[in-house]
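Per Swiss-Prot, these features apply:
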{"type": "DISULFID", "residues": "Cys24-Cys31", "note": "disulfide bond"}
{"type": "DISULFID", "residues": "Cys46-Cys50", "note": "disulfide bond"}
{"type": "DISULFID", "residues": "Cys53-Cys95", "note": "disulfide bond"}
{"type": "DISULFID", "residues": "Cys61-Cys69", "note": "disulfide bond"}
{"type": "DISULFID", "residues": "Cys79-Cys81", "note": "disulfide bond"}
{"type": "SIGNAL", "residues": "1-22", "note": "signal peptide"}
Amino acid sequence: MELKSGLSILLCFGICIAVINAGCFEDWSRCSPSTSRGTGVLWRDCDSYCKVCFKADRGECFDSPSLNCPQRLPNNKQCRCINARTAKDNRNPTCWA
């Protein structure tokens, strides 16, 4: 029962944060320095993401200042896939995030 309560609180907290910072998600990228701790654990790095999910030659991070959330995403970067050969592979769970 304790686990359910904890998960409920975590879910509510996540929803509140998402609503408050709805624009932040649009600017976020796997290259964003502020979320780099999750790279390789929660999501693929840019190069791997592009190669596996788009069959691209490579992926690279480039400077992309946050328009919606500059206070939360300073020095923001975005991932760009070079020579992507396919649409995103949504059947592969590692390509979802």
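Just so it is clear, glycine is given a Cβ too, placed from its N, Cα and C backbone atoms.
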Subject >> Cα-to-Cα gap, Cys95 (disulfide bond) vs Cys61 (disulfide bond), nearest whole Å >> reply: 17
Original post:
Sequence gap of 6 or more, C-beta under 8 Å: which same-chain residues meet both conditions with respect to Cys81 (disulfide bond)?
Top reply: Tyr49, Cys50, Phe54, Ala56, Arg58, Gly59
Subject >> Candidate with the highest Cβ count within 10 Å, taken from the disulfide-bonded residues Cys31, Cys69 >> reply: Cys31
**OP:** Within 10 Å of Cys31 (disulfide bond) by C-alpha distance: pick out those among the disulfide-bonded residues Cys46, Cys53, Cys69, and say none if nothing qualifies.
**Re:** Cys46
Subject >> From Cys46, Cys53, Cys61, Cys69: disulfide-bonded residues whose CA lies within 10 A of Cys79 (disulfide bond) >> reply: Cys46, Cys61
**OP:** Would you kindly give the Cα-Cα distance separating Cys61 (disulfide bond) and Cys46 (disulfide bond), rounded to the nearest Å?
**Re:** 7
Original post:
If you skip the near sequence neighbours and keep only those at least six away, which residues in the chain come within under 8 angstroms of Cys53 (disulfide bond), Cβ to Cβ?
Top reply: Arg44, Lys88, Asp89, Asn92, Thr94, Cys95
**OP:** Other Cβ atoms within 10 Å is the metric here; tell me which of the disulfide-bonded residues Cys24, Cys50, Cys61, Cys79, Cys95 scores highest.
**Re:** Cys50
**OP:** Between the Cα atoms of Cys69 (disulfide bond) and Cys24 (disulfide bond), find the distance and write it as a whole number of Å.
**Re:** 5
